[in-house]
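Taken from TrEMBL, the feature coiled coil covers 504-531. The domain 'Cation/H+ exchanger transmembrane' feature in TrEMBL is assigned to 8-382. What TrEMBL lists as domain 'Sodium/hydrogen exchanger regulatory region' is 479-566. Taken from TrEMBL, the feature region 'Disordered' applies to 585-689. Annotation source TrEMBL lists transmembrane segment at 6-25, 37-56, 68-91, 103-124, 136-156, 168-198, 218-241, 262-284, 290-316, 328-347, 359-382.
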Amino acid sequence: IPSVSSIVPESCLLIVVGLLVGGLIKGVGEKPPILKSDIFFLFLLPPIILDAGYFLPLRPFTENLGTILIFAVVGTLWNAFFLGGLMYAVCQLGGPGLNHIGLLANLLFGSIISAVDPVAVLAVFEEIHINELLHILVFGESLLNDAVTVVLYHLFEEFASFEQVTILDIILGFLSFFVVSLGGVLVGVIYGVIAAFTSRFTSHIRVIEPLFVFLYSYMAYLSAELFHLSGIMALIAAGVVMRPYVEANISHKSHTTIKYFLKMWSSVSETLIFIFLGVSTVAGHHYWNWTFVISTLFFCLIARVLGVLVLTWFINKFRIVKLTPKDQFIIAYGGLRGAIAFSLGYLLDYKHFGMRDMFLTAIITVIFFTVFVQGMTIRPLVDLLAVKKKQETKRSINEEIHTQFLDHLLTGIEDICGHYGHHHWKDKLNRFNKKYVKKCLIAGERSKEPQLIAFYHKMEMKQAIELVESGGIGKIPSAVSTVSIQNINPQTLPLERVLPALSKDKEEEIRKILRTNLQKTRQRLRSYNRHTLVADPYEEAWNQMLLRRQKARQLEQKMNNYLTVPAHKVDSPTMSRARIGSDPLAYEPKEDSENLPIITIDPASPQSPESVDLMSEEPKGCGGLPPSPEEDEEGLVMRVKEPSSPGTDDVFTPGNGDSPSNQRMLRCLSDPGPRPEPEEGEPFIPKGQ
């Protein structure tokens with residue numbers, strides 16, 4: 001019935017089914033089965049957590065890890081102690097039925113009921129398709145708060161059997177939190193590495209490859225639970241660590257088996273958990289106390305809202321993408337309780353906790369309220385508040401390239417600033433993984449394959465499978481060969497570029513150059529501090545070298561200017577004649593100037609000197625020819641420059657008149673430079689004949 005399932009979440013419907021089944025069994029006169037904690041923790045919970053951990057979206061999870069940890073650790077501690085303290089006050093004021101419940105029992109009850117349940121969150125949030133950020137924040141909190149719940153539960157359970165609790169016990173209890181959480185992660189990482197290493201040698205027995213994934217994951221969970229460590233964190237760590245290496249080693253069929261088997265296994269467990277929750281509600285012994293139950297429900301909501309508001313105010317000081325009031329509301333409203341709280345309450349011992357039935361009744365009430373009321377109303381509230389939904393987009397090579405480019409860019413910026421943030425450490429981890437871990441855990445050439453190429457292969461495989469499933473390839477008749485298809489649609493092959501063949505030595509040399517110049521871009525830089533700068537012994541030598549280079553460049557520039565700057569504007573004929581007439585001594589010839597070519601200027605000539613092509617002028621007597629009488633009379637000979645033949649270079653091919661004296665003459669004509677002193681140089685323009 002789609003109309004019902006679109007309004008009521010699947011988890012609510014399953015609980016209703018459980019209530020009906022339990023009522024039917026009880027109506028027949030039989031005793032309904034109760035969800036025992038051992039069955040729940042050992043058989044029903046692990047598949048759900050493994051499915052969540054193995055397919056965890058790692059990038060958004062790691063980017064928001066700080067926020068998730070603050071919500072999971074500080075938020076759960078706040079909920080537990082706030083709720084436990086207020087419930088203790090309610091018990092003291094609530095009359096004779098509640099006076100006997102002490103502080104430790106209330107704190108234990110607070111620790112059970114305060115944790116957000118991953119099963120309930122998954123069941124509701126998968127259906128409303130909330131955006132990735134909010135989903136990973138609430139779901140990540142529900143996964144990681146398991147360590148806090150386990151520690152507080154065992155701590156208060158142990159303290160209940162003590163006659164007196166000392167300060168040392170409290171300190172040891174605080175330290176046990178780190179042992180439980182980090183110990184669970186360590187166990188998961190060890191089993192994840194073992195699973196990845198084992199998958200390296202399974203190429204000849206593909207059938208049992210999925211078995212190793214399930215086996216080692218379950219071993220990680222059992223090993224953690226055996227030592228009272230966090231089994232959920234062990235499962236998540238094992239799934240996250242093994243997945244990239246296992247997927248590189250196993251076949252595509254094994255990958256498909258793991259994917260669908262985990263999805264099926266987790267959904268079966270989820271269904272059984274919610275049905276058993278309904279059956280256990282009918283079958284269990286209940287003790288209803290209005291004051292205790294209503295106070296629990298009210299204080300649960302108050303603690304969650306206050307915790308989210310205060311923690312978000314603190315978190316937003318450090319976040320770039322701030323959590324808006326709408327986001328805060330969804331995070332607070334999405335704090336659903338589920339079967340983990342029920343199973344922990346069911347585990348309580350009657351000997352130390354005589355009020356166990358009342359605790360279970362209050363826990364079931366809170367679970368039903370959060371799953372039914374909050375679970376059913378969160379979808380319309382998301383639509384009403386116009387909260388951003390998850391956009392179903394396929395990942396592309398383009399997106400992957402730009403993502404990697406931005407990662408490298410941000411890592412480089414952090415290095416330049418001297419600030420080692422999470423991009424720096426992520427880059428270090430990737431380098432270590434590529435250099436050492438991949439070689440040990442991935443078989444064959446896949447260990448050296450770049451991330452982008454691996455992603456491309458995955459996309460190609462996915463696209464091919466989708467094409468087959470959609471019937472794209474099925475349209476081609478099987479009898480038609482590829483040759484006949486080419487004949488039907490003939491295609492002209494593109495002309496291949498003729499590339500020069502490289503020898504092996506040359507190719508290796510090019511590779512070596514690229515390796516040395518492209519891969520050593522990262523250098524360890526200290527944070528800048530002017531008080532701690534150390535004098536560099538090479539700095540002075542570098543400065544001297546730079547100064548010498550600068551001087552050489554300036555000198556070269558001056559020489560170029562001297563030889564290439566065009567001559568000054570020549571005066572008009574009237575001004576030239578007046579200047580020569582006023583100062584004839586300036587143009588007196590020297591004694592050793594008989595061998596120089598003589599340039600005669602007729603100031604009264606109507607031709608403007610500006611129209612002369614300097615490159616086509618040849619002084620008389622140049623080119624090895626004796627001066628003719630006509631040239632003696634004319635003084636300066638104008639000749640047309642011969643066009644260069646095709647294939648010759650005007651600049652580098654020497655011409656007929658490129659003798660040293662001719663070049664010198666051309667330079668003088670292009671730029672006479674400053675007038676030389678009489679004792680330094682020779683006269684530029686001799687006195688006319």
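Count begins at 1; order follows the chain as displayed.
Even glycines carry a Cβ here, placed using N, Cα and C.
Bear in mind that TrEMBL entries carry predicted annotations, made automatically and left uncurated.
Contact between the transmembrane segment (68-91) and the transmembrane segment (290-316) is supported: at least 3 Cβ pairs lie under 8 Å, counting only residues 6 or more apart in sequence. Outside the transmembrane segment (103-124), and at least 6 residues removed from its termini, the chain residues within Cβ reach (under 8 Å) are 9-11, 45, 48-49, 52, 76, 79-85, 87-88, 91, 138-139, 141-143, 145-146, 148-149, 152-153, 156-157, 159-160, 165, 232, 270, 273-274, 296, 300, 303, 334-341, 344-345, 348, 353, 355, 359, 362-363, 366-367, 370-371, 375, 378. Residues 147-148, 150-151, 154-155, 159, 162, 212-213, 216-217, 219-220, 223-224, 227-242, 245-246, 249, 440-442 of the same chain lie 6+ residues outside the transmembrane segment (168-198) yet bring a C-beta within less than 8 angstroms of a C-beta in it. Taking residue pairs at least 6 apart in sequence, the transmembrane segment (136-156) and the transmembrane segment (6-25) share fewer than three C-beta contacts under 8 angstroms. Taking every recorded stretch in 37-56, 262-284, 359-382 and counting its Cβ pairs under 8 Å to the transmembrane segment (290-316), the highest total belongs to 359-382. If you take every residue in the domain 'Sodium/hydrogen exchanger regulatory region' (479-566) and average the pLDDT, you get 65.
Residues 11, 14-23, 25-26, 31-35, 40, 43-45, 47-48, 50-52, 54-55, 119, 122-123, 338-339, 342, 346, 357, 360, 364, 367-368 of the same chain sit 6 or more residues outside the transmembrane segment (262-284) yet have a Cβ under 8 Å from a Cβ within it.
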